[in-house]
C-alpha cells in the first residue's frame with residue numbers, strides 16, 4: 001500500500017544503509033569489531049531519522065505540510081514555491097522525453113514527461129541476505145514474524161483516518177511560533193467555527209481525488225444524472241474509436257495493454273463507480289452510510305479502481321471542453337488556462353503529462369481541481385489555510401458553480417495535500 005513521498009531525511013538514511021550493505025557485499029566478511037562499528041553507524045542514522053520525525057517531519061501515512069516549513073524557517077512564498085515545484089515533478093523526479101503523438105484534432109508534437117522511478121527493494125533484499133550470515137536463526141525468524149505482523153496490520157488500514165477534534169489536530173501539527181504556524185492556527189480556528197472535526201487523508205498523490213470522492217459519497221442521497229445515462233459505460237469505447245492516442249492511457253501503473261483491454265477495464269471501473277454510488281446513496285441512516293464509506297475506502301482494489309474512473313471522466317470532460325472551444329462555443333475560463341500550459345496544449349498532452357501521472361509522480365494542480373469539479377458536476381469548496389485573511393481563504397471550484405450542484409468541503413495547507421472537515425457545527429447547520 002503506497003503512501004506519500006518519503007522525506008529527504010529518510011531517503012538519506014536509506015542511502016546510508018544501502019551504501020553500508022553494498023560495501024559489505026563487495027568486500028570480505030567483516031570482523032566482529034568492524035561489524036559492530038557498521039551497526040553503530042546504521043543505528044546513528046536511524047536515530048537521526050527518528051529525531052527528525054519526532055521534531056515534526058510529516059508522516060508517510062497521512063500528509064502534513066507544516067514540518068518542513070517549521071524546520072527550515074521558510075517563508076509562505078518559499079513554502080508554496082517548493083510545494084508547487086515538487087508537485088509538478090522537478091528535475092529530481094522527471095526526465096523530459098519528446099514523442100510524436102497524432103491528435104485527430106491537431107497534428108502536433110506532444111511533449112511527454114515521464115517519472116523516473118527507483119525501486120531499491122530487490123537490491124536491498126540481496127544485500128540483506130549477506131547480513132544473515134552474521135545473525136543466528138532465532139533472530140532472523142523473529143524478524144520475519146515481526147515483518148509479517150506489520151504487513152498484516154497495514155493491509156486493512158483505511159485511507160481516510162478516523163475523525164479527531166480539529167483544534168486538537170491543529171495543536172499537534174502547528175506548535176511553533178513562526179508566522180506560518182500562527183497563520184495556520186488562525187486558519188484552523190476559522191474552520192472550527194463551521195466544522196468540529198477533521199479526517200486526515202492518506203497522501204499518495206491521490207489525496208485530492210480521495211478526499212473529494214469520500215465527501216461526495218458520504219453526502220450522496222441520489223445517483224447523479226450523468227451516472228444514470230445509458231451511454232455512461234460506453235465512454236471508453238466511444239472515445240477510443242475517435243482518439244487512437246487514448247490507448248496509451250496508464251492504468252494503475254500497468255503499461256502495454258491493447259486497445260480492447262483498456263476499453264474493457266475502464267468500463268469495469270465506470271460500472272463500479274455507478275454501483276458503489278447507487279448503493280451508498282440508497283442508505284438512509286447517516287451512521288450506516290458513513291460505515292459503508294469507511295468500508296469502501298479500506299478496500300484497496302476497489303478504491304483505486306474508482307480513482308481511475310474519475311481520471312477518465314476528467315479526460316472526457318477535457319475533450320468536450322477542447323472541442324467546444326475549437327468550434328466557437330462558450331467554455332469556462334479555467335478551460336483556457338488548462339490548455340494554455342506548455343504541458344497540456346491539447347487533451348493528448350493533458351493525458352500524458354498530467355492525468356497519467358496522478359497517483360504516480362504527482363497529484364492534482366489547481367486548474368485540474370476545476371476539471372474534477374466539472375467532471376463530477378460538484379462544487380468543491382476548499383479552505384486554503386495558508387491563504388488565511390485573504391480573499392482566497394475559501395476558494396470554490398468552479399468560481400461560478402451551477403446552483404443545483406452539490407457542495408463538498410476540503411481543507412488544504414498548501415494546495416497540494418487535502419484533508420476532510422466533518423461534523424458541521426449545529427449553529428452553522430441552522
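Note that Cβ sites are derived from N, Cα and C of the backbone, with glycine treated the same way.
Feature annotations, courtesy of TrEMBL:
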ACT_SITE  204  active site
ACT_SITE  207  active site, nucleophile
SITE      392  site 'Linear diubiquitin binding'
ACT_SITE  417  active site
Rounded inter-Cα distance in Å - residue 207 (active site, nucleophile), residue 392 (site 'Linear diubiquitin binding'): 21
Cα-Cα distance linking residue 204 (active site) and residue 417 (active site), given in Å to the nearest integer: 9
Round to a whole number and give the Cα-to-Cα distance in Å for the pair residue 204 (active site) and residue 392 (site 'Linear diubiquitin binding'). 26
Tell me which of the recorded positions 204, 392 sits in the most Cβ-dense spot, judged by other Cβ atoms within 10 Å. 204
